[in-house]
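The signal peptide annotation in TrEMBL covers 1-25. Summarising the annotation, TrEMBL assigns transmembrane segment to 215-241, 262-284, 304-325, 346-366, 378-405, 417-435, 441-460, 472-490. As annotated by TrEMBL, domain 'Thioredoxin' applies to 483-615.
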């Protein structure tokens, strides 16, 4: 691979990774319920507890899943050769013993002869509970058992891989009559020690070798599904790249055309094989978990990295800069587009096409990928490889028979127009990828894209005839600016890990807290107020302030003025202000004389105001100010 290619790949990955690497630890990547978050869209809700023992049975570990209408899960005991069975894994817990899991109600037995001939498919829907006997050593007063349910939530068209964590603690509520009856009907399994084992005792049958007759229909569906994947919306923007390269290849020697398409197909299939390895990590013993098809797009930093990459490509198509890959359709003029396509450019296109395809799951692929995740690594590699081969088949055919693209116009000025149109299509892909990102990341991601645009503009305005020093300065200077701006954007957007237990502000909630004798802290803020966000991050949502607020039972209320709210506006005006930021502290003993802090505030200003206000009346009215040592709060009065 040429140095310029390595430089491009390295810089783009560094920028996107540098900007977002810390975001996974700093952000909670979930949409709020009113914006389509988990309260309204999650296909499975999970609850867990430990039901007390009775004279008839031991204590039971209960894991209850509520499956949304239209979805189903596969059972723990799903026979091999079909979809991936669900799995319950428990974290190590010294002194705790857990037996094998049973379930109520029993799974529904269904048949899908066209996909899994002769194989019973065990499905759960509605509300289901897995239960297992549990006991613990006498020195554990209240044991806590943590674990993960690994499953697929499937509807009529697709399956969504899920890993749902749960924590179970002893509960005084007995097990339901249904669970008690199911326990009496189940084999009496003795609890097993989980002090060192990370998973519950194995449930279900072991995988059996697949026959050729059972495998052939799956391979056929994989091949056809891969072919249809070329028509999915995720992939269409990149198909424009191949249209341009097909036009450029017209009239070239057959051997070169074949080499270019083989390189493209190698990149495409190579990513599928890599995804197969990721899907087999657990079976290979390389990790506790495997990564399913499309699961990369559940990782926030990966989505941000893809947004950055597609945006940079779109700017190249629109002529802002040039991707240094031969024949990558990023050159500025139509004549430049007619240069011979390089093997590295073709290979990179294949990689990029497959990565963009992973959010999509076309016809046949849902059952195919569900099937592969339950198979040995060799079968998984084979089936993923066939999906890649199906997707690459049109390009392999054109490589073998170049006359198939004779209908395309000869290379010319039309390629420049087509290239620019594809740039706008890629911009549409950026918008689509943004729709999959948490709203908390919108602002830092957009800020990063502005920095990426600046970097691309800097590189693009440096002519190819410039000295190596000038071009290196443009490349590394632009990448450095983009990385620093992106890092700052994601860092400033994070509130850290010390958020107060904010409640929404209203006149009623303020009055209720005051009537209860509480000191009340009200932050008048808005998403469009940068100073408000700085205050929240640097002065309010800090470990010291949080410790003081919690130790003194102070009620924190958030008055969000992002959208028009007459009640909040009236409250601001009543405090003698017409703008934000504004922080109001209503002392418990004198709620009619609030302490006000305006504009940019510091943590010490807020702590001083809290000292002046005093604690909630139930706390004696005297402020207790804990000292903070390495994240540990210890009581201590400050006078």
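Glycine is no exception: its Cβ is also placed from the backbone N, Cα and C atoms.
A TrEMBL annotation is a machine prediction, not a hand-curated record.
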Interface-richest range of 304-325, 441-460, 472-490 toward the transmembrane segment (417-435), CB pairs under 8 Å: 304-325
Residue counts (helix, strand, coil, in that order) that DSSP gives for the domain 'Thioredoxin' (483-615): 60 helix, 23 strand, 50 coil
Local confidence of the prediction over the domain 'Thioredoxin' (483-615), expressed as mean pLDDT: 86
